[in-house]
Amino acid sequence: MTRHRTAALVGNPNSGKSALFNALTGARQKIANYPGVTVERKAGRLILPSGEPVELIDLPGAYSLDAASPDEVVTEKAVQGRLEGEVRPEVLILVLDAANLEQHLVFAQEVLELGRPTVVALNMIDLAERDGLTLDSNALEEALGVPVISTVAVRRRGLDELTAAIAAAETHADDAPNPNWHLTLPERRLAAKTMARAAILSRSARHTVANGLDRLLLNPWIGPLILFAFLFVMFQAVFAWATPFADAIDAGFTALSAFVSSEMPQSILRDFLTQGIIAGVGSVVVFLPQILILFFFILIMEASGYMARAAFLMDRLMAGVGLSGKSFIPLLSSFACAVPGIMATRSISDPKDRLTTILIAPLMTCSARLPVYAVIIGAFIPATTVGPGIGLQGLVLFGLYVSGIVGAMVAALLLRGTLTKGAASGFIMEMPRYQLPRLRDVAIGLWQRAFVFLRRAGTIILSATVALWILLSFPQAQPGQSQLDASFAGKIADGIAPVLKPIGFNREIGLALIPAMAAREVAVSALATTYAVDARTEAENDRGLIARLQASWSLPTALAFLAWFVFAPQCLSTIAVTRRETNGWKWPAFMVGYLFGLAYLFAGITYWSAIALGF
Ligand SMILES: Nc1nc2c(ncn2[C@@H]2O[C@H](COP(=O)(O)OP(=O)(O)OP(=O)(O)O)[C@@H](O)[C@H]2O)c(=O)[nH]1
Ligand SMILES: [Mg+2]
């Protein structure tokens, strides 16, 4: 008889559950140094010393089994076997942060009260040692009544002992200890204090560096300045560092296009390859270096422990618009992509706080906007400096990010006064310890981002661009007629042109915005393909997208296009995840409506102001 063996990782947020999960199963779950990283259950396979497989489940961190936020609900249900289609895990692996023992022992008692086979992973022993703590795992074992194994998940220390203990816990399932304490929270706190005291053999104060750093980084005046400076450098770097790499990729695609053109006879297939695939997809892939630079900064923030500090700093500002610092982390994650950002809101317990955060998350500038911004900035904003080390292009990019943030704050303020009425709830989040980001983790993180981006380019961006190319290429133009005028796509563009004309958008933009509903980067590949198909001369064909934009767009149009993308909800995945997280179409419909409204309004304001200013 084969038994379905399962074990689940439980513990406070940021105790290293996902790091252990990855180490034990070889998975690549996201780990980061702030509470609330994992918001869904994830399963993987662990092999016991006997060779038997066990299904290992990684769960969101929790402070209590009496769940407050949606991610804690997942943990509560999973532990009790109430998650749909899921058996109750036979063994619980309770992960404790050795350097935060007292806090983590509060939840630990609640888990142990369940009386289920449990193994404790006393994780982050290395950090406890760094902080000058010497721990006695035997004393803890005695106090808790279950096996305690010291581990360092990120250095794979103690893993064999842990798997052995998991195997043993399963065999001895029947005579598992059942202390049945049933204490109240204050009683548990007291018990945690006593147990932690007994387990800590010696403590030498070595908190000076972290304390000094916190005094600086969390200072109400200097802290925000440092955060602002950090973000500023990030956007400067996106332009300043990327150029050589982007140029190399661009040269690669140009050479490829030239090669295909010279080797293949003139045919519809050749046009498809050069105009549809190389010009279209290539125009987006060029932005890979910029995206990786952005993620490099985000990864450093996440791994070092600065992310939670930034959330703390932003709490006051967020409270001003009726949100809390808790919303800051989902919003900052939305700089990468609104989809994980919206999922990260599951760690917010107040439903109205959470809904408001979901509705404004798409205003954070996701990395899919970066190619759109970068191509327009590259074409219309001169690469000059406006001060020592301050490039104008990076400054404009920074301004676009700030516009999104300001838009989000104003939207939150209005929403909190009307549809999601309510007062700001307080902010409580533990500050994780500072860690030097591990090079390997950063490298893996960047590789994963590169993979995600290239996969998008090869799937959603490629197919949207190919579909557009087909609409652009048929029917074929009569001599003297432009291909765009003759094509199906041209007819569609003519249909929407009147709507977009008042905000300064030309026909090509209107055409690009439709497939860009699938993903924002498609706006770039669509423009590249449209101009490539519509090139009337060889010379025009050889000029890149940037040159074509410069030749056919006015500056007010370009600026209006940027303003549009600050607001427009051009992303089907975001709409889909909003539907899933709010359980219905009402809120995604509202979100799409208000964001398109803002996009139209601000593109128009930008266009007419630019004209009035004589640009
Ligand atoms: N030095 C050290 N760092 C660790 C250890 N285990 C995990 N970490 C780091 O601690 C941070 C938190 O780890 P995660 O695995 O994301 O924690 P989690 O318990 O899954 O957190 P949530 O998903 O938010 O509940 C990450 O930055 C890890 O790199 C350890 O044993 N030693
Ligand atoms: Mg986790």
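From the backbone N, Cα and C atoms, a Cβ is placed for every residue, glycine too.
For reference, TrEMBL has these:
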- 4-172: domain 'FeoB-type G' (DOMAIN)
- 216-235: transmembrane segment (TRANSMEM)
- 272-301: transmembrane segment (TRANSMEM)
- 355-383: transmembrane segment (TRANSMEM)
- 395-415: transmembrane segment (TRANSMEM)
- 453-472: transmembrane segment (TRANSMEM)
- 558-577: transmembrane segment (TRANSMEM)
- 589-610: transmembrane segment (TRANSMEM)
_Top Cβ-contact partner of the transmembrane segment (272-301) among 216-235, 395-415, 453-472, 558-577, 589-610 (pairs under 8 Å)_ = 453-472
*Using a Cβ cut-off of under 8 Å, list the residues of the same chain at least 6 residues beyond the transmembrane segment (395-415) that approach it.*
231-232, 235-236, 238-239, 317, 320-323, 331, 335, 356, 359-361, 363-365, 369, 373-374, 377, 381, 386, 562-563, 566-567, 594, 598
*Excluding the flanking five residues on each side, which residues at least 6 beyond the ends of the transmembrane segment (355-383) place their CB within less than 8 Å of a CB in that stretch?*
238-239, 283-284, 286-287, 290-291, 294-295, 322-323, 327, 330-332, 334-338, 341-342, 345, 348, 391-393, 396-397, 400-401, 404-405, 407-408, 411-412, 415-416, 420, 453, 519-521, 523-524, 527, 545-546, 549-550, 553, 555, 558-559, 561-562, 565-567, 569, 571, 574, 578, 581-582, 587, 590-591, 594-595
